Amino acid sequence: MRNEQMNSQRNDTNISKSRNNKKLTTMLWLSLVALMALLQGSAAVEFTFDLADNAEDCFYEEIKRNTSAYFEFQVSAGGQQDVDVTLKDPQNKIIYSLERATFDSHQFTAETTGVYTACFSNKFSAFSHKIVYVDFQVGDEPSLPGVDEHATVLTQMETSAQAIHKALNDILDAQTHHRLREAQGRKRAEDINQRVMVWASLETASVILIGLVQILVLRNFFTDRKPSQARYGRL
Amino acid sequence: MRDQWICLALVLCALHSACGLYFHISETERKCFIEEVPDETTVIVNYKVELYDPRSNGFMPSSPGIGMHVEVRDSDDKVILSRVYSSQGRMSFTSHTPGEHVICMYSNSTAWFNGAQLRVHLDIQVGEHAIDYANVAQKEKLTELQLRIRQLLDQVEQITKEQNYQRYREERFRHTSESTNSRVLWWSLAQTVVLVCMGFWQMRHLKSFFEAKKLV
């Protein structure tokens, strides 16, 4: 009887131990999954850079297999606001290419793990440098720490918060887009303003110059005839 | 338990921010990036530099000899940050005037290494992306929902700033357009006046000239 009791007690501790173990392993698994998820996704970088004339700039990003990536660019100033763009996969195969483009976006899913290359070329332009905006998003947005790691069903509040978060992200993207378009327009307008000034002053100067030269030439013309005129007089 | 998670997340974030987008520059080259930001916006720049190693034909993961000079200029071309960092660095600045902030990086190398390739890993985060929510959650002891709402608030704040900046830029744009408009108007008027005066003067001058030469 006593033995039995002891046995059952041992059993109990065994059970609780195994439960603990189970909890630990699940935790480990969870953390591993979280680690993978964090390592895999979510490298969103947006930046604007100055592409010199006759130059080619490349950017590299390592993308894991089956991760979706979003690539967007926009030329906001310089020359005819165009640039050659190529996206290459790790095998150097071109997966996307555009020539003389002002803006575009491309969404793709990585077929192999490796370094993907995005190149911007300005080789065709000998004089004008370009300002290029690039947005390169790999994977999904990283979730908030401590959030989304549990497996329970979201409450209505949480779902709403998530929906609002998505909507606000869209708004921010739209704002960025508008800001770039506005910058494009504004830079053009500033350019036009400058050009109006320079050309108008040049034109005014040339009108005055031509007027003066005309008179001088004409006077010269008639003063050169003087000898013949004198001859006429003699006759 | 929660703290452990947060620690793990923090470590992972730190690990993660080191990799990401990268590009190559030569050691003497200067690379600039432009960030157009509203005022009172935080920008965080993370970078890691690796030196090309010709022996292994790869890049050395850590290059203690290399330092990077980082310079940040605001829209008025005023230097707001200029420092030399080591091969790995993290800097943040807050904009005080809205506009284009130029972040320039160049290595402090001497002619000794001249021409060697550098691989620069770069990560730039602006506005609410720059906020470290793991830190916020830990410091202010927020629940999940509170953290979510906090993120939403930050986003809305960023949007408001951006809209104020938009208004500012629209004003500048309109100013330019109006300037162009008035320039076109006044220049065309001035040119017409110059043209008429020129013609009038030419005729008068020629008339007196011909009369003096007794041609008419």
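Cβ atoms are placed via backbone N, Cα and C, with glycine included.
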Problem set entry | Matching range for Swiss-Prot feature annotation, coiled coil, among B:72-102, B:134-164 | B:134-164
Seminar exercise, completed: Ranges in play B:105-108, B:109-112, B:213-216, with Swiss-Prot marking motif 'Prevents secretion from ER' at B:213-216
Exercise. Average pLDDT across the coiled coil (B:134-164)?
Worked result: 88
Problem set entry | Secondary structure content of the topological domain 'Cytoplasmic' (B:204-216), with strand meaning DSSP E or B | 10 helix, 0 strand, 3 coil
